[in-house]
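Have a look at the structure below before the remarks.
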Amino acid sequence: MKDYLIKATANNGKIRAYAVQSTNTIEEARRRQDTFATASAALGRTITITAMMGAMLKGDDSITTKVMGNGPLGAIVADADADGHVRGYVTNPHVDFDLNDKGKLDVARAVGTEGNISVIKDLGLKDFFTGETPIVSGEISEDFTYYYATSEQLPSAVGAGVLVNPDHTILAAGGFIVQVMPGAEEEVINELEDQIQAIPAISSLIREGKSPEEILTQLFGEECLTIHEKMPIEFRCKCSKDRLAQAIIGLGNDEIQAMIEEDQGAEATCHFCNEKYHFTEEELEDLKQ
């Protein structure tokens, strides 16, 4: 089944909700990044959440998220647009630990419990919207929940889960974001908190094969939920040889000349998809300004 995301409202429009099935998307990220199990879970959660954040945008807007903890993973970076295209990478993809005391992948140990979550939105304006909040747990979902409450003053619940097979491929992945709309009564916030506490962990729902529709129905009940849109999501990279050529130009003529003399060419690799682009001596000469 292809990955997809749904947009919905609940409680007479006082809550907006997003839910996503991202298994194939995360498997493609894992394949391109060659991530081990714990790294796959951390990267997968970040990409899953970022895909839903991208679905909140319009037109040509885009969003980039970065999880920078003090753990061995280093940086986790993901970006998404309003059309369901998402990509991501992690600095150290071969991080893997034994299961934690709850029997789950130890994402917090890999990410670290100190550091920052940063969000950059390109909304087509002169300046980007940027927000940054501290990591509160390293579990990623809780960290983005805190980001929304603190940076955007939007009471939210964020959940993302990734299940990994013994051979490191992705068994299942998905998540949800639910947000209380501005002006909603305090009782709506309290009711949402109770609803979140009442449902099983997102990883359990994913393991049971629950669809995005079923996840939100379990959360709000069928009568209170209105689904407005269903859209596909996929791992798609924006890299190209022309884009990487611009990056090489930015290094300056001296660096380009060194590539020509020492390496008789150059090979550039995209961080996000690991696609390799080769530049001959002649192509490098043409890039000199």
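Just so it is clear, glycine is given a Cβ too, placed from its N, Cα and C backbone atoms.
The annotation disulfide bond is assigned in Swiss-Prot to C237-C239, C270-C273.
For C273 (disulfide bond) paired with C237 (disulfide bond), the C-alpha to C-alpha distance reads 6 Å. In sequence order, R87, C270, F272, C273, E275 are the residues near C237 (disulfide bond), counting only same-chain partners six or more apart with C-beta under 8 A. In the three-state DSSP scheme, C237 (disulfide bond) falls into the coil class. Long-range Cβ contacts of C239 (disulfide bond) within its own chain (separation 6+, distance under 8 Å): C270, F272, C273, E275.
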